[in-house]
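Asker: Here it is, the structure in full.
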């Protein structure tokens with residue numbers, strides 16, 4: 001009987017459909033002990049910087065994340081202990097004062113652009129997914145999301161994409177594809193891939209329930 005919780009890593013470029021794929025997996029197991037943890041929650045606290053300095057941070061670089069803290073909390077969850085996950089304020093560009101209590105689960109989905117870039121994170125994962133989506137689709141989705149959800153201007157989004165997001169994708173994110181167990185072209189619309197992933201998860205959950 002399997003007792004250790006499983007961790008599923010889901011990565012891909014910004015706007016590529018990582019969150020949609022993760023939520024599709026979550027929705028497929030409504031009665032299971034399953035949760036999603038986002039790498040974005042672990043952006044470093046920048047309260048000591050001015051707002052102008054925070055805006056200039058390269059948020060697509062590994063150094064923008066407190067991955068050490070994420071690994072520490074994932075290890076606690078694997079031991080069956082609850083953790084308080086930080087909440088990031090995208091408009092203020094720093095951590096908020098709030099945290100989210102995450103209880104231990106049988107399945108933990110770890111989602112983010114760089115979750116396969118760090119070897120220590122990869123070593124915690126049982127299944128690693130790379131959501132592979134066309135560049136044009138990703139930038140359109142990013143524009144819509146950042147304007148509607150994060151209160152950003154079109155000019156700032158385009159400038160960030162051309163100077164930071166695109167170069168970082170080719171330097172860090174795309175190369176991490178080689179570590180993926182499964183590559184999911186076109187994200188959540190790839191029903192066959194999602195079904196295969198869900199079948200694998202269901203078999204693991206069955207082992208836990210025995």
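Counting starts with 1 at the first residue shown.
Just so you know, glycine gets a Cβ as well, placed from its N, Cα and C.
Pulled these features from Swiss-Prot for this protein:
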type    : residues                       : note
BINDING : 12, 13, 14, 15, 16, 17, 18, 19 : ATP binding site
Asker: Please work out the number of neighbouring Cβ atoms within 10 Å of the Cβ of residue 17 (ATP binding site), leaving out its own Cβ.
Answerer: 23
Asker: Most Cβ neighbours within 10 Å: which of the binding-site residues 12, 14, 18 is it?
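Answerer: Output for this query is 12.
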Asker: Please compare the binding-site residues 13, 15, 16 by how many other CB atoms fall within 10 Å of each one's CB, and tell me which has the fewest.
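Answerer: Taking 13, 15, 16 as the binding-site residues, the minimal 10 Å Cβ count falls on 15.
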Asker: From the centroid of the CB atoms of 12, 13, 14, 15, 16, 17, 18, 19, the recorded ATP site, which same-chain residues not already listed sit within 8 A by their CB, in sequence order?
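Answerer: Other same-chain residues with Cβ inside the cutoff are 113, 131, 133, 138, 141, 187.
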Asker: Kindly assign residue 19 (ATP binding site) to one of the three DSSP-derived states: helix, strand or coil.
Answerer: helix
Asker: Write out the long-range same-chain contacts of residue 19 (ATP binding site), meaning residues 6 or more apart in sequence whose Cβ is under 8 Å from its Cβ.
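Answerer: Expected: 38, 111.
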Asker: Taking DSSP as the reference, which of helix, strand or coil describes residue 12 (ATP binding site)?
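Answerer: Note: residue 12 (ATP binding site) is in a strand by DSSP.
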